[in-house]
Amino acid sequence: MSSDEAPMPASSAQPAPLSQQAMAARGAPYLDDLNPAQREAVEALDGPVLMLAGAGTGKTKALTTRIGHLLLTGKCRTNEILGVTFTNKAAREMKTRIGRLMGEAVEGMPWLGTFHSVNAKLLRRHAELVGLKSSFTILDTDDQLRLLKQLLVANNIDDKRWPARMLAGIIDNWKNRAWTPEKVPAGEASAFDRRGVELYAQYQARLRDLNAVDFGDLLLHMLTIFQEHEDVLAQYQRWFRYILVDEYQDTNVAQYLWLRLLAQSHKNICCVGDDDQSIYGWRGAEVGNILRFEKDFPGAKVIRLEQNYRSTPHILAAASGLITANKGRLGKTLWTDAEEGEKVRLIGHWDGEEEARWIGEEIEAMQGGTRGLAPMSLDHMAILVRASHQMRAFEDRFLTIGLNYRVIGGPRFYERMEIRDAMAYFRLAVSQEDDLAFERIVNTPKRGLGDKAVQTIQRAAREHGLSLVEGARLCVDEGRLSGKGLKELRTLVQGLDRWHGQVISEADTHVELAEMILDESGYTAMWQNDKTPEAPGRLENLKELVKALEEFENLQGFLEHIALIMDNESEEQGEKVTLMTLHAAKGLEFPAVFLPGWEDGLFPSQRSMDESGLKGLEEERRLAYVGITRAEKLCTISFAGNRRVYGQWQSALPSRFIDELPQEHIEVLTPPGLYGGGFGAAAPSAGPSAVQERAMRADVYNSPGWKRMQSRQQRPVSQPAEARNMTIDLEATSSFTTGERVFHKKFGYGAITAIEGDKLEIAFDKAGVKNVVSRFVVAADLADDIPF
DNA sequence: TCAGCCGAAGTTTTT
DNA sequence: CTTCGGCTGA
């Protein structure tokens, strides 16, 4: 760590006043780029500032310019700014933009990062104050769960009644609220939770023994240190002369306390956020933090960024109208100079499949530029859903019509099984003390070392106070195991020794070593021999991992940094529609956005409302607000009268949020097959209440007449899409035959059961019968030759 | 030890 | 309808 980053006595931390730069900054051209509110937010450098930045109002620009301004006016140096974000992506983007602003002349900002990475860095310096070594490892959710499971077993607790997941959730929750085991309030400890507190304490003790922390600990330990060691706190209060916080509405209690401690002396804290976009209450975020800011920091300057540069007036008005139904907002009025554009479109469908079909066709139409609209790239369209299982209907549909899509979300790169397995091997090569890593890979690939063998090893280790690797060595030497297991374990231990020796001697580059480890351990072979559909992808990921290694000096350096980086940056090429959850969409924007599944119970989610009542409903509404405000030009909301939920058909009412949309900014489209538009024709203002109105609309969909009309109309309606594909059929010569074995990237191996043009019906070995366009499939015998 | 069967449950997610 | 996890029988 460079001494530049280290806190020093205040006297030497004083930067020389750079009057020249200050002069330059005063007339700086970058200030002219800002609108008045942004400029105010940039220039109010001292004292507490709350920047209320609505969606698409140039928040990041204001934030990065503010940092640039701090530096250029000589207020402080780069290493005296503490900037915290929630995601690596946000931190990275800010660094890039500051770099651009400062003409690359500025060296990196060492204290601009996520809450977690900043705290990890701090904790490495002061680990001994909470009984850790500075080399502590950071456990992720997986390790955490394994540990908790062991704890539950050790306590003879039926893991059916108290699943490890639940305990993990409870502990996380407590950590979010800055409760160490001693501080969990007695009131919190119901019959269930009292046991929980004890387990929590045991868990923390176990972590300390392992010299490990979980994500929550990173912040909680530092908070404890700040609270118990005034000198350390004072040191950082002096050092971090200016504090900036991104997405303040998402901070939890622990983060709030942490910030307040650091800012309380100079109060140079600038929090940026939008109370209307607070959607993470369920993981501990406290909207209250942002609502309370002025009370926490009397005399705080509150600056509202309200000019929106993203969406058309109709989209903005629809979103604004919806969000006014929430109580206790700080309140903002977004406005824009943009041209009027199209109204937000609303359409109801008979069922979820028809909704997916309609959206698919709409996307194709927009891509082709029909209906007088300019052709639009698939990259500019997104479908945002409330819950990830909703994506399935779209994936199925897009696969059959051959529409390219990308799914954002799902397991992150470093969360994938194969990556974590490989990392466990690397961890062990670096340090044989890593018991969790050993447990993870001892029988992966299968070595005939099951529960019993592991228990034997654990017993041996505990008896002699050794690590599991040493315990294993003991078992091998003393022949405590037998047969295949013994032989395999001996090989493994020898391998671990050899690899560890390589790390020490640096005989090979770390990249070569990594490859060697994966090969010699039999891990690569395990996936090569695996014929499930996922195997090729996993091998691909392993190659990616090795490639990522190249960026680092050595394995240690890699492991050090990787624990906190959970990005999933895979640069796919080719135009694709984006499919993701509303949560994942926060901060993003797309010219065209589809918001399907607006049905009561689904969105707003029944569970949210049941568990959190009005608070939950309001958070759902903010989610809706986030969804609409992602759209630049075209926003299409839809719902389905019927949907298959867990294999059962269920009918639902259109979402109450639909009633809350201001009518004058909504265009109601006629669902395919429904003549005369039975939906939304009547104005809800007069006569029946909104709920009755909604019920009436729903009745239209549930009436036998409607259903009859629907079924009669369905076929002709889908005709155009069929016709389009038929044209392609004539050109594309399908070279497949019925009965042929094929391989599909997603579904794996299967046999063709029917061929219709370029569409194949395939009975997959694992995925069941699917209709797939032929170009997504290769002959099975060719699949083995694909170099993975 | 491990594959295969049965039963239960089934939001949102970053680090 | 799936998927995951735990249990059982070979």
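The backbone N, Cα and C atoms fix where each Cβ goes, glycine too.
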A:1-22, A:353-374, A:441-462, A:485-506 - the one TrEMBL records as region 'Disordered': A:1-22
Fewest-neighbour residue among binding-site residues, criterion Cβ within 10 Å, set A:Thr57, A:Thr60: A:Thr60
CB within-chain contacts under 8 A for A:Gly54 (ATP binding site), separation at least 6: A:Asp274, A:Asp276, A:Arg304, A:Leu305, A:Glu306, A:Asn308, A:Lys332, A:Leu334
Which of A:Ala53, A:Ala55, the listed binding-site residues, has fewest other Cβ atoms within 10 Å: A:Ala55
Other CB atoms, at most 10 A from the CB of A:Gly58 (ATP binding site): 21
Protein Cβ atoms within 10 Å of A:Lys59 (ATP binding site), excluding its own: 22
